[in-house]
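Step one of this worksheet: look at the structure below.
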């Protein structure tokens, strides 16, 4: 009886254990299944491992039926947990770009890495998870986009601290080596001025007239109008008095030089003249000459008509010279001589001595003619001389008028040293008539050029504004003949020379200084050379 009751109690206990285990298993199974179902409704990702505890939202979002991309394996596929809990579900991780291949080992030190941009905090609660890109490759470029890595450069120098205005350096390439400071080159010596081009339009130049163009023709004449002694020529080449009426070069020298023909014009009557000098032109002028024959006779100078005779003799000499077979100038005889004369430039100056010496210096002409009729006679004589030059073959002829003669030192009024306006009026009257006659000749004679060259205006401007031309003294001559008066020419023994010849406009009582001649003829060449060289 006892044994059967014991057996029954054991059986019941086994039954209860079995039932208890079955119930426990059912409860555990139901509990686990319901929990997974509920979690999948509220959390679309696998239950385990849970990234971080999330509170259940009041309105669970509807899962997106589109297929979810599978994150590539690797450490970069897992989403990185933010520093703290957020009320929004974290978006799916974006596929990260593949890391670049490891660079080959190089003996050069690698540049320091650039600091990475800070992570941007997640946006506030999107209603739906962001859709991934349909094509995971290529990954979106981060901002700012780094420039492409340049080719490796061997052994760069380490990066220097940033300068105030740094240049952009590639992130993976070596910084460029700084250029060495250039060594300052020694200052070069000023190059010598290039030689002047040879003149090809004017083969020769011929000068006629008075002392403005005389380069020594009066030296062998029996005349008092000479300048072949000191102090004349004190600033000339080799400081030699050559018979030029100035302290150096005169107008004929500068005109020939600026035309590109020759540096110095020889006198035709110079006994030392060379045949080669004849081919480029000479001077026939004589100090004291004038258009009026009476003027040259009074000064015992070479009259203007005699200068034409010398010009004819010159043409014959040149013709004989070019016919010589052994001459270095292989010209074609007379035809080439005619071309030399026609292409050359003939320049005439006169009228000053006709007014100063013949009209205002003596009373004979003033008794016969008034100033108007006398200037007409002188202008007609100038036109006759030009016509005879044309007859000898000259086709390019320039005629220089008279300067303001009343303002030269020897003709100023003695007491106040002011200009003689009566003499200036006579100069202007003669110049106006000369200009009119030359204009008529240009229209009448074919294939010719007649140019009136105005020096009255140039010298008047130099007298009015001497500082603009670099002159200080315009009333007194540099070469004086006495304490209170200025003679026409410098004397050999009694003349006193000014300390600075370049600051004086006039050298003696009539003629300009070398610097004044240079200034005057520069203006003449600038204004009239393009007409004469046509």
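Using N, Cα and C of the backbone, Cβ positions are placed for all residues, glycine too.
According to Swiss-Prot, the protein carries these features:
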type	residues	note
ACT_SITE	211	active site, nucleophile
ACT_SITE	508	active site
ACT_SITE	511	active site
COMPBIAS	59-196	compositional bias 'Pro residues'
REGION	59-202	region 'Disordered'
SIGNAL	1-35	signal peptide
Measure from the Cβ of residue 211 (active site, nucleophile) and count the other Cβ atoms within 10 Å, all protein chains considered. 30
Measuring Cα to Cα, how far is residue 508 (active site) from the residue listed as 'active site, nucleophile' in Å? 12
Residue 508 (active site): tally of other CB atoms within 10 A of its CB: 28
Residue 511 (active site) -> DSSP, reduced to three states, gives coil
Taking DSSP as the reference, which of helix, strand or coil describes residue 211 (active site, nucleophile)? coil
Could you state the CA-to-CA distance between the residue listed as 'active site, nucleophile' and residue 511 (active site) to the nearest Å? 8
By a simple count, how many Cβ atoms lie within 10 Å of the Cβ of residue 511 (active site), its own Cβ left out? 27
